[in-house]
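S.K.: Okay, these came from Swiss-Prot:
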SIGNAL    1-24  signal peptide
DOMAIN    42-86  domain 'Gla'
MOD_RES   Glu47  4-carboxyglutamate
MOD_RES   Glu48  4-carboxyglutamate
MOD_RES   Glu55  4-carboxyglutamate
MOD_RES   Glu57  4-carboxyglutamate
DISULFID  Cys58-Cys63  disulfide bond
MOD_RES   Glu60  4-carboxyglutamate
MOD_RES   Glu61  4-carboxyglutamate
MOD_RES   Glu66  4-carboxyglutamate
MOD_RES   Glu67  4-carboxyglutamate
MOD_RES   Glu70  4-carboxyglutamate
MOD_RES   Glu76  4-carboxyglutamate
DOMAIN    87-123  domain 'EGF-like 1'
DISULFID  Cys91-Cys102  disulfide bond
CARBOHYD  Ser93  O-linked glycosylation site
CARBOHYD  Ser93  O-linked glycosylation site
DISULFID  Cys96-Cys111  disulfide bond
CARBOHYD  Thr101  O-linked glycosylation site
MOD_RES   Asp104  (3R)-3-hydroxyaspartate
DISULFID  Cys113-Cys122  disulfide bond
DISULFID  Cys132-Cys143  disulfide bond
DISULFID  Cys139-Cys153  disulfide bond
DISULFID  Cys155-Cys168  disulfide bond
DISULFID  Cys176-Cys303  disulfide bond
CARBOHYD  Asn186  N-linked glycosylation site
DISULFID  Cys200-Cys205  disulfide bond
DISULFID  Cys219-Cys235  disulfide bond
CARBOHYD  Asn244  N-linked glycosylation site
DISULFID  Cys351-Cys370  disulfide bond
DISULFID  Cys381-Cys409  disulfide bond
Amino acid sequence: MVPQTHGLLLLYFLLQLQGPLGAVVFITQEEAHGVLHRQRRANSLLEELWSSSLERECNEERCSFEEAREIFKSPERTKQFWTIYSDGDQCASNPCQNGGTCQDHLKSYVCFCPLDFEGRNCEKNKNEQLICANENGDCDQYCRDHVGTKRTCSCHEDYVLQPDEVSCKPKVEYPCGRIPVVEKRNFSRPQGRIVGGYVCPKGECPWQAVLKFNEALLCGAVLLDTRWIVTAAHCFDKFGKLVNITVVLGEHDFSEKEGTEQVRLVEQVIMPNKYTRGRTDHDIALVRLHRPVTFTDYVVPLCLPERAFSENTLASIRFSRVSGWGQLLDRGATALELMVIEVPRLMTQDCLEHAKHSANTPRITENMFCAGYMDGTKDACKGDSGGPHATHYHGTWYLTGVVSWGEGCAAIGHIGVYTRVSQYIDWLVKYMDSKLRVGISRVSLL
């Protein structure tokens with residue numbers, strides 16, 4: 001070792017200085033200093049003859065960070081060496097699996113995984129995790145699982161799947177579920193103050209329709225296509241014929257004509273044959289207009305989602321929007337401007353439990369869901385019936401419910417009940433493609 005070499009060299013050097021007995025055996029202070037003085041980095045006299053080296057400075061004896069920096073000259077290389085030198089190589093055990101690359105850090109490591117793997121040690125196969133039940137399979141819109149292979153994504157008919165195989169981009173000028181006036185100015189402007197809601201800025205609820213009888217508010221509705229709207233079946237309980245009933249799209253303020261309105265006559269109403277007048281189950285109706293509307297910045301359809309997507313993904317989103325011109329207060333005046341509120345969806349069990357303890361509350365069925373605030377701060381109201389419960393996902397809005405019934409407007413301890421649209425998607429699609437007689441029809445459910 002170097003210390004032994006130092007001792008032998010010093011002994012040899014002193015012996016060479018000895019002469020006859022009478023000779024001088026001492027050397028000058030400067031000469032002694034040259035032999036005995038320890039330089040800043042040297043560990044022996046012999047080391048002073050060597051250039052700085054990693055082996056000498058850090059492998060044989062403990063070195064400092066400053067000494068390592070002098071050796072490597074590069075901050076990056078010094079840091080890389082020092083991490084391993086002072087902490088040990090955390091990558092020595094090859095913790096990264098499936099071909100992952102390990103990078104050592106102080107008391108830790110990071111794995112850089114191949115394309116199909118993830119996790120701290122690249123232990124998770126993305127294709128195995130990439131299923132529709134897990135965050136909708138990362139799909140923008142619709143997701144389908146396949147046995148033995150990874151899931152596939154698809155899009156609503158107004159959209160086209162992108163090369164990344166997950167994103168959906170519009171392929172028409174006015175795709176469903178988008179709000180042109182917001183996209184063109186890149187922000188929304190809520191203003192003002194349905195109960196506890198606010199005025200929906202003009203054009204920001206472009207799928208909202210209104211049913212009128214003799215020019216008076218009858219019900220809300222929602223646009224699905226150029227000739228079809230959806231509303232609540234109970235809106236037609238008092239009608240045997242479709243006389244003096246009109247639908248207005250592009251409406252915002254009842255007190256003035258704004259030039260964006262499109263008025264259409266009602267040609268046909270289709271409702272489930274299981275709906276009973278005065279009851280609440282199957283409270284949904286498909287309405288055909290006598291001629292198509294024109295899509296504009298203020299008239300855009302709401303997307304009717306695929307059933308699996310609605311039940312598995314949209315139903316798990318807590319807050320959705322409800323809009324309409326209903327009463328601003330219980331037994332109060334109706335709104336002149338279109339109002340909108342955001343309401344939380346309630347767990348089915350909570351909804352059933354609530355209904356069980358409320359007197360005179362209709363039975364909650366699998367064709368309904370509950371939403372709202374138990375404290376009575378926000379709710380849909382009379383006149384909002386038939387309006388949309390719209391849910392937002394990855395930039396697009398979808399129809400998830402139809403305003404059906406409630407126990408007063410925002411009554412404390414009571415909630416709003418909505419028709420669960422996912423139960424009727426196949427039924428709606430089928431009859432939107434059919435040609436039934438003009439008038440009111442009751443047809444079987446699928």
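Placed from the backbone N, Cα and C atoms, the Cβ positions cover glycine too.
Can you tell me where each of these features sits in the structure?
M.R.: In this structure, Cys63 (disulfide bond) belongs to neither helix nor strand by DSSP; it is coil.
Counting every protein chain shown, the number of other Cβ atoms lying within 10 Å of the Cβ of Glu66 (4-carboxyglutamate) is 11.
Secondary structure at Glu70 (4-carboxyglutamate), as computed by DSSP, is helix.
When secondary structure is read from DSSP and collapsed to three states, Glu76 (4-carboxyglutamate) falls in the helix class.
For the domain 'EGF-like 1' (87-123), the number of residues in each DSSP class (helix H, G, I; strand E, B; coil) is 1 helix, 12 strand, 24 coil.
The local packing around Cys91 (disulfide bond), expressed as other Cβ atoms within 10 Å of its Cβ over all shown chains, amounts to 17.
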S.K.: Tell me, how many other CB atoms lie within 10 A of the CB of Cys139 (disulfide bond), whichever protein chain they belong to?
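M.R.: The Cβ of Cys139 (disulfide bond) has 24 Cβ neighbours within 10 Å.
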S.K.: What is the interatomic distance between the Cα atoms of Cys63 (disulfide bond) and Cys139 (disulfide bond), given in whole Å?
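M.R.: Here the two Cα atoms lie 54 Å apart.
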S.K.: I'd like the Cβ neighbour count for Cys122 (disulfide bond), meaning other Cβ atoms within 10 Å of its Cβ, all protein chains included.
M.R.: 21
S.K.: In this predicted model, what is the average pLDDT of the domain 'EGF-like 1' (87-123)?
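M.R.: Residues in the domain 'EGF-like 1' (87-123) carry a mean pLDDT of 87 in this prediction.
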S.K.: Looking only at residues six or more beyond either end of the domain 'EGF-like 1' (87-123), which have a C-beta under 8 A from one in the stretch?
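M.R.: For the domain 'EGF-like 1' (87-123), the far contacts come to 80, 129.
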S.K.: Tell me, which recorded positions from Glu67, Cys102, Cys113, Cys122 are within 10 Å of Cys96 (disulfide bond) if we use the C-alpha atoms?
M.R.: Cys102, Cys113, Cys122
